[in-house]
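Annotation source TrEMBL lists transmembrane segment at 12-34, 46-66, 72-95, 102-123, 135-154, 166-188, 194-213.
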Amino acid sequence: MVFDRDNARFAVGVFGSTVALILFLSPLPTFIHTWKKKSMEKFSPFPYIATFLNCGLWLLYGLPWIQPHGGILIMTINGIGLGIEIVYLTLFVLYSERKQRIKVFFIVLSEIIFIGLIAILVITLVHSHEKRSTIVGNICMVGNILMYGSPLAVMKLVIKTKSVEYMPFFLSFFSFLCSASWTTYALIRLDVYILTPNVIGTALGLVQLLLYATMRQIAERKAQGKLDLVEKTVSGVTKNTSNEASV
């Protein structure tokens, strides 16, 4: 049986797109919680700002004027992701403190202008698909690395607070699975622009999962220690009460 690279790549791409969609939707319970409380608390907007930029850049990369062959999967999933990130960032603008609200708004606005300028300049000044995809692909690599690296700020908070409350498990898990899927996709028919950032993303995703498991274990030990202390205290009080009653 002959190995069909195109069919295999398409199948892996579909799987990667499905995982990416789950990744985009994984913070939804967190945002429903914050929407009900009308407060973003200590949740960081930067992973969502980075993902917004990343989706916008890859949507541009998948356009037929940039990538004439095989860009439909990339364009579709990143278009959906862009819409989802807009909803998340809107909640940050609505329910964050005033200083952070202004910061998020202007960063997102600058990203939109940046993507628009790249699209106009590349399409009007560069007349070869190969050169266009090279230019946009290199910029996409940087955006993708920023997206996968953005949880480092959250990881710092997790280490500082010794709590995984602000690093949702499913976001870390599907980030790892998504980057691993697109690494496979890029290896079947080599695409350096997709491969490079997703190899980095796979490594960072694994680090996040290890950190989550470590901090969760520490938290459980602390909780168990407090429970043991309460039980000893109650046991001591009960024993003293019994002794007093017998006297």
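Yeah, the Cβs are placed from backbone N, Cα and C, and that goes for glycine too.
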### Query
To the transmembrane segment (72-95), which of 12-34, 46-66, 166-188 is linked by the most Cβ pairs under 8 Å?
46-66
### Query
Any residues 6+ beyond the ends of the transmembrane segment (166-188) with a Cβ under 8 Å from its own?
5, 8-9, 12-13, 15-16, 19-20, 22-23, 26-27, 29-30, 42-44, 47, 148, 151, 154-155, 157-158, 194-195, 197-202, 204-206, 208-209, 211-212
### Summary
Counting only residues at least 6 beyond its ends, the same-chain positions whose CB falls under 8 A of a CB in the transmembrane segment (12-34) are 40-41, 43, 48, 51, 73, 76-77, 80-81, 84-85, 87-88, 91, 95, 168, 170-171, 173-175, 177-178, 181-182, 184-185, 188
### Message
Below 8 angstroms Cβ to Cβ, which residues of this chain, lying six or more residues outside the transmembrane segment (46-66), approach it?
### Response
24, 27, 72-76, 78-79, 81-82, 85-86, 88-89, 92, 104, 107-108, 111-112, 114-115, 118-119, 122-123, 129, 132-133, 136-137, 139-140, 143-144, 146-147, 149-151, 153-154, 171, 193
